[in-house]
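Participant: From TrEMBL, here are the annotated features:
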DOMAIN    23-289  domain 'NADH:quinone oxidoreductase/Mrp antiporter transmembrane'
DOMAIN    291-340  domain 'NADH dehydrogenase subunit 2 C-terminal'
TRANSMEM  56-76  transmembrane segment
TRANSMEM  96-115  transmembrane segment
TRANSMEM  149-166  transmembrane segment
TRANSMEM  202-220  transmembrane segment
TRANSMEM  232-254  transmembrane segment
TRANSMEM  274-294  transmembrane segment
């Protein structure tokens with residue numbers, strides 16, 4: 001019964017995203033976003049714990065507020081232009097309101113405070129859905145209206161997201177919160193070139209999803225939730241430990257891994273637009289994220305847990321070949337795709 005309900009919820013999430021990506025009207029896109037938001041609520045609250053109920057409530061309130069702003073902005077635009085078409089948004093007021101609403105749905109600064117709390121209150125696989133699949137629908141709408149969005153506000157929101165994402169993740173000990181702040185920082189990188197070169201932003205968000213998916217799957221398979229659990233991962237599964245280390249370094253943007261490619265393209269685009277100061281500030285913000293990525297990598301691969309009888313060591317997990325086969329293709333693409341993507 002629980003499996004059937006999960007299938008229904010995942011089907012609703014998929015249908016909602018397909019409705020948004022294939023629609024040309026704000027009303028149909030709004031209905032798809034609502035279906036997407038309501039379908040994931042049972043998945044967030046399925047864990048019998050007060051924290052999951054709190055996370056579902058925060059997610060519902062935030063998404064409802066963003067949906068009201070989307071409906072308000074689209075109504076103003078329809079009143080001014082006489083059409084509900086997504087690509088017709090020439091006025092600054094509805095385009096600014098729409099940018100605020102869509103970034104609130106994705107969890108970009110300064111409307112980002114709900115994302116770490118929601119991801120901390122749910123399971124790792126549901127957190128994977130929130131940080132990847134749930135961003136597709138609002139990102140499609142942002143890319144569709146990118147030529148009408150205010151560039152200065154978009155740049156400021158992107159720069160603020162990179163700094164707040166880096167600062168917020170530095171003092172975290174729970175991996176789900178750390179991955180949430182990583183998502184906020186990556187959304188900042190995506191917003192930096194949204195109005196000038198949307199294709200580069202699309203490459204960045206797709207690369208982030210490619211990196212995040214095997215990371216969450218490995219954390220879920222090894223039941224790793226805190227930094228203390230990372231210190232015992234080498235004793236439970238050395239292969240997962242090495243793979244996770246490379247994935248984290250790729251998310252940090254270190255060459256020659258795949259995560260370096262979109263950051264290089266974004267910095268190149270900013271410099272070509274004569275925004276050298278902003279590109280330098282964005283590069284400095286990436287160092288903040290690099291700190292906690294290196295912190296996790298150090299605990300994962302370079303620090304062995306003490307083997308005394310007083311240490312709390314998890315039992316060795318049976319990481320069979322089937323589980324490793326499931327994560328192998330995405331893990332390889334996440335760490336070695338740079339030569340094929342950026343010659």
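Every residue, even glycine, has its Cβ placed from backbone N, Cα and C.
Owing to the predicted nature of the structure, the values given are computational and were not obtained by experimental measurement.
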Participant: Six or more residues out from either end of the transmembrane segment (96-115), which same-chain residues have a Cβ under 8 Å from its Cβ atoms?
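Facilitator: Sequence-remote neighbours of the transmembrane segment (96-115) are 33, 58-59, 62-63, 65-67, 69-70, 72-74, 76-77, 89, 130, 134-135, 137-139, 141-142, 145, 149-150, 153-154, 157-158, 160-161, 164-165, 180, 183-184, 187-188, 191.
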Participant: Going along the chain, which residues at least six beyond the ends of the transmembrane segment (149-166) come within the CB cut-off of under 8 Å?
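Facilitator: Distant Cβ neighbours of the transmembrane segment (149-166) are 92, 95-96, 98-99, 103, 108-110, 112, 142, 181-192, 194-196, 275, 278, 281-282, 285-289, 291-292.
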Participant: Summarise the model confidence on the domain 'NADH dehydrogenase subunit 2 C-terminal' (291-340) as a single mean pLDDT, whole number.
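Facilitator: Across the residues of the domain 'NADH dehydrogenase subunit 2 C-terminal' (291-340) the model's pLDDT averages 61 on the 0 to 100 scale.
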